[in-house]
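Chemist: Take a look at the following structure, please.
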Amino acid sequence: MIKVQGPVVLYQDGVHEAARRRRSLRARYAYGLIFFATNLLAWFVRDYGAKLLRGLHHVPVCGAGDSKCFQSGGVLRIFFWVMFATTFGTRKLHEVRNSWHSGCWILKFLVYAVSIIIPFIVPNIFIQLYGEIARMGAGIFLILQLISVSHFISWCNKRWMPDSQSNQCGLFGLFLSTISFIASFAGIAVLYVLYVPNSSCAFNIFTITWTATLVAVMMAVSLHSKVNEGLLSSGIMGLYIVFLCWSALHSEPQTGKCHTRLIFANDSDWATIVSFIIAICAIVMATFSTGIDTRSFQFRNDEDQLEDDVPYSYEIFHIVFAMGAMYFAMLFISWELNHPTRKWSIDVGWVSTWVKIINEWFAASIYVWRLISPVILRKQAANNEELVPRTLILKTSILQ
């Protein structure tokens, strides 16, 4: 009996760890739904809270007859910060914090409800302070998203582009590269049609032309003989750059002078509603994909994972969602706490436009630097190797 007991206990422990691992992986999708519901609730409070929640006008964050609390306090959420603080440092599946991350949903619902109420009962100065922190958090989220996109591009390049020393042809990678560049330049042409209806739109002309220049530069650098990165990575990054350019131009205040009105959008609100819903879903999916890609933000990815280790970093997962919630809050209020927003609008204003333009330029700069930095480092290493023999010869001649 003693000889059998050890393997049986080990088998049971392995079964329990496998069950905990499955619950942990499933929990990611539950948090994704919570994140989606949180942003829908924030939009609802922003647009309809002033009418449906009239009784809140006496609380500290709201003035008498003032709806600023629904514009700022209504969109700021702290639930994922609470989850980050309570799961920080979780490494093993048998820890209590792992059970808290993967279960206890009724208790977490209560915590979630309290986190929604808190912005309405604290003094307004705390909301203003948290709003300033949210701006920084939203900026950090954009950087994290760029890291995740770069990691995805590197994975695609390694997966579908053949190594220079191998005999693979890489037809699928070449096909994706061609499609990416055709879509990039076609997108640029569409941007000219939609956002440059006349020659007086100098800002839009410059933004689109500079985007086309960035795409061409990334293509030329990736094809340089000393870089030899191939077209796939630059093609995907080109698509991302064009998307950021479109998003920036779409965030401009629609004065009517530099926006081409589509035929199906004239005198109808359904196009605005559909674009609003699509924007929310797209950003939620981007946040979720960034959040589950925790290995992109770890300093060391070569460590072997044991059976009782957590399948992903909980603190990174929750902090990405927390900063994603901050980013969404900034989109709902157009990056300004006291900025009045229209119903069914998201991320409209010159501040939003410039945030996305700077993000586009930063993304292109980081990508180009990632391409040329190995060449520069190799050149510096070669110069250092040549400098050492010269220094020895000079010292020898001096001694003689």
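Using the three backbone atoms N, Cα and C, a Cβ is placed for every residue, glycine included.
Here's the feature list from TrEMBL:
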TRANSMEM  29-46  transmembrane segment
TRANSMEM  74-93  transmembrane segment
TRANSMEM  105-127  transmembrane segment
TRANSMEM  133-157  transmembrane segment
TRANSMEM  169-196  transmembrane segment
TRANSMEM  202-223  transmembrane segment
TRANSMEM  230-250  transmembrane segment
TRANSMEM  270-292  transmembrane segment
TRANSMEM  312-333  transmembrane segment
TRANSMEM  353-372  transmembrane segment
Chemist: Please indicate, using numbers and ranges, the residues of the same chain that are 6 or more beyond the transmembrane segment (353-372) and have a C-beta under 8 Å from a C-beta there.
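Modeler: For the transmembrane segment (353-372), the nonlocal Cβ contacts are 139, 142, 146, 149-150, 207, 211, 214, 217-218, 221-222, 227, 229, 233-234, 237, 240-241, 244-245, 247-249, 251-252, 335.
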Chemist: Could you pull out which residues elsewhere in the chain have a CB under 8 Å from any CB of the transmembrane segment (230-250), counting only those six or more residues past its ends?
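Modeler: For the transmembrane segment (230-250), the sequence-distant neighbours (Cβ-Cβ under 8 Å, at least 6 residues beyond its ends) are 149, 152-154, 156-157, 160-161, 173-174, 176-181, 183-184, 187-188, 191, 194-195, 204, 207-208, 211, 214-215, 218-219, 221-223, 347, 352-354, 356-357, 359-360, 363-364, 367.
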Chemist: Sort out the residues at least 6 away from either end of the transmembrane segment (202-223), same chain, that have Cβ-Cβ distances under 8 Å to it, and list them.
Modeler: 181, 184-185, 188, 191-192, 195-196, 229-231, 233-235, 237-238, 241-242, 245, 248-249, 252, 258, 357, 360-361, 364, 367-368, 371-372
